[in-house]
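Report on the following structure.
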2 protein chains.
Amino acid sequence: MSDRPPLDALPDPMGLAFAEARAAAEAGEVPVGAVVMRGGAVLGLGRNRPRALRDPTAHAEMLAIRAACAALGQERLEGCDLYVTLEPCPMCAGAISHARIRRLYFAAHDPKGGGVEQGPRVFNQPTCHHAPEVYGGLREAEAAEMLRAFFRDRRA
Amino acid sequence: MSDRPPLDALPDPMGLAFAEARAAAEAGEVPVGAVVMRGGAVLGLGRNRPRALRDPTAHAEMLAIRAACAALGQERLEGCDLYVTLEPCPMCAGAISHARIRRLYFAAHDPKGGGVEQGPRVFNQPTCHHAPEVYGGLREAEAAEMLRAFFRDRRA
C-alpha cells in the first residue's frame, strides 16, 4: 500500500493489521487487514479491496504478500511472518504456502470460509509443499466484533 | 496479457491456453496457460509468470481471471468459463470460486500440487460458496508431455 510506514522496528504487527482492516471497513469493504513482517520491519501492508479494485483476488493477505515481494524484488518470503485479522481462505492459504511464509498469525477463526483450520485445511494436505507455523485466535473477540459490526451496519 | 486477440468467436479455447503455456516455457517459467471465455469471446489470457513478475501469486489462472475482471470492470465472472492446461492449485481454485467461474476445463491432472481432484479438493468442501462444473483431463497427454519436456530440459 502507498502508506507503508518506514522500515523501523514496530511493536505491534497485529495492531497494524487491525488498522488496515478498519480502513477497509471505512471504504465499504469487508474488514480484513494484513501485514508481512521480517525482523521487526514492515515489508508489506494489505487491506481487503475486491470491490474497489474489481478483483476477486484482492484479499488483504494477497495484497500484503504481493507488496512485500515487490519491496524485496523476489517471489519468496522466506523468514517473513504474516499477521492477518481473519483466518485465511483457501486462496490466501495457497498464496502463503507459495510465498514460503514462515509464521502465520491470525485473529478471528472463519468457520464459514476459512481454509486453514477448517474446510480444505490447505496446510495439512500431503500436496502442500510448504506449511507455515500457525498461531490462530490472537485478539479473536476484537476481530470477530469488528466483522459483526460491519455486517450489522450494512443490514441496518 | 497485451497480445489479447480480438473479441471474435474462437473455436479452440484450450488451444489458446496451450499457446500461453508454450510462451511461458520459452520465458523459462513452468508451462501453464489459461484463458477466460464467455460465449465464444476471449475475456482474459494468462501464462505462468511468478519468476518474471517476482510474484508467487502470478499463476496463469490468476492472471487470466484478473485480466477478465479488468476487461469487464467487475469482480465476478458469472457465466464465464476458464480453460487451463494444468489442474489448478488450491490458491487458483479459491480464486476460481471467488470469481464465480461457471465451468472449469483443465488438461493435465496434478497429483503433486492440484487442489481440485486431490489434496484439499477445494470445491468439494462445505465451506466452498461457489463451485464450478469441472471437466478435467482434456488433451491430458499433450499437457503432461509439455511439462515433462520442460523439466527434462531444465535438468539437462
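Quick reminder: no glycine exception, Cβ is built from N, Cα and C everywhere.
Here TrEMBL flags A:Glu61 as active site, proton donor. In sequence order, A:Ala34, A:Gly46, A:Leu82, A:Val84, A:Pro88, A:Cys92, A:Ala95, A:Ile96 are the residues near A:Glu61 (active site, proton donor), counting only same-chain partners six or more apart with C-beta under 8 A.
Here TrEMBL flags A:His59, A:Cys89, A:Cys92 as Zn(2+) binding site.
If you look up TrEMBL, you'll see A:8-117 marked as domain 'CMP/dCMP-type deaminase'.
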Which same-chain residues, if any, lie at least 6 apart from A:Cys89 (Zn(2+) binding site) yet have Cβ under 8 Å of it:
A:His59, A:Asp110, A:Gly113, A:Gly114, A:Gly115
Give the number of CB atoms, excluding that of A:His59 (Zn(2+) binding site) itself, located within 10 Å of its CB.
29
At a 10 Å cut-off from the C-beta of A:Cys92 (Zn(2+) binding site), count the other C-beta atoms across all protein chains.
33
When DSSP states are folded down to helix, strand and coil, where does A:Glu61 (active site, proton donor) land?
helix
